[in-house]
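What follows is a set of notes on a single structure, which appears directly below.
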Amino acid sequence: DCLGFMKPCDINNDKCCSSYVCGRNNHWCKFHL
């Protein structure tokens with residue numbers, strides 16, 4: 001299972017879905033640019 005858009009995430013254990021990345025500042029899954 002992966003975390004969707006705007007879901008809280010852990011920067012050290014990024015479980016965001018493939019299109020997303022864990023934000024370093026707010027620790028939410030956001031679009032990977």
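Backbone N, Cα and C define each Cβ position, glycine as well.
Here the structure is a predicted model, which means the values were calculated and not measured.
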Field: Disulfide-bonded cysteine for Cys22 as listed in Swiss-Prot, from Cys9, Cys17
entry: Cys9
Query: Tell me, how many other CB atoms lie within 10 A of the CB of Cys16 (disulfide bond), whichever protein chain they belong to?
result: 21
